[in-house]
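> Sharing a structure here in structure tokens format.
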Amino acid sequence: MINILVSNDDGVRAPGIIALTHALSEFAQVLTVAPDRNCSGASNSLTLTNPLRINNLENGYISVNGTPTDCVHLAIRQLCQTEPDIVVSGINAGANMGDDTLYSGTVAAAMEGRFLGLPAIAVSLVGKSLIHYDTAAIFAAKIVKGLLEHPISRDQILNVNVPDLPLAQIKGIKVTRLGARHKAEGMIKTQDPAGKDIYWLGPVGSEQDAGEGTDFGAVAAGYVSITPLTVDLTAYNQLDGLADWIIKI
């Protein structure tokens, strides 16, 4: 039986992680370690100025007073009795497509698995109602089983986005590239009860690059999107042009 580490950024009691853990437990030994609160948008942040504390919950999960990245790092380095065969992060309540991936704690948790030498996938449910976590969990389980026979390179992760639809309405799977959003909308300014100004982040930008071949396009058409991601952010097509002038400064 394989060993799977499960984490997320929505918190240890979120419906997505419960559905994911249940589906994977049908064929694997699963350890679920996740933040004790919602950490959406935490990206790859680590807790460096405070100690991490764990809490063993009644359902066997472990909560941590840290970020998604903290959870995966702590689990692999300290809590897992046997090194996991794979890290699975999710199921996120909402899309992680295009630019979202740079902010996502869900994707970051999977990336931390990759940084520690393990294959990893991030799974998100895309839609307005967010009720079909069972659909996303089924696909997550299928993908994990597939990776046992077709391992991915350890310098990448798979980013999976599943439409919020009943299983029978999913049209299939498409391997995609990341799309892109327009820039985010403005800040929302209001006041607290004491009359002091406070600010909220505005909505994310609307879809900009969402055509054929993108994650946005696949999900909108009713397909599960799977995008292989790597941590190398180098803009290779800019290297020569930049070197032509900047080394002369």
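Each Cβ is built from the backbone N, Cα and C atoms, and glycine gets one as well.
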> Taking Ser40, Ser43, Ser63 as the options, which does Swiss-Prot list with Asp9, Asp10, Asn92 at the divalent metal cation site?
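Within the candidate list, Swiss-Prot flags Ser40.
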> Please list residues from the chain of Asn92 (divalent metal cation binding site) whose Cβ is under 8 angstroms from its Cβ, counting only those at least six apart in sequence.
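When sequence neighbours closer than 6 are ignored, Asn92 (divalent metal cation binding site) has Asn8, Asp9, Asp10, Gly16, Ser40, Ser104, Thr106, Ala122, Val123, Ser124, Leu125 within Cβ distance under 8 Å.
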> So of Asp9, Asp10, which of the binding-site residues has the fewest other Cβ atoms within 10 Å around its own Cβ?
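Relative to the other binding-site residues in Asp9, Asp10, Asp10 has the fewest Cβ atoms within 10 Å.
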> Neighbourhood of the divalent metal cation site (Asp9, Asp10, Ser40, Asn92): other residues with Cβ within 8 Å of the Cβ centroid, in order?
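Apart from the listed residues, the neighbours are Asn8, Gly11, Ala14, Gly16, Asn38, Cys39, Pro68, Ala93, Gly94, Ser104, Gly105, Thr106.
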> Across all chains shown, how many C-beta atoms besides its own are within 10 angstroms of the C-beta of Ser40 (divalent metal cation binding site)?
19
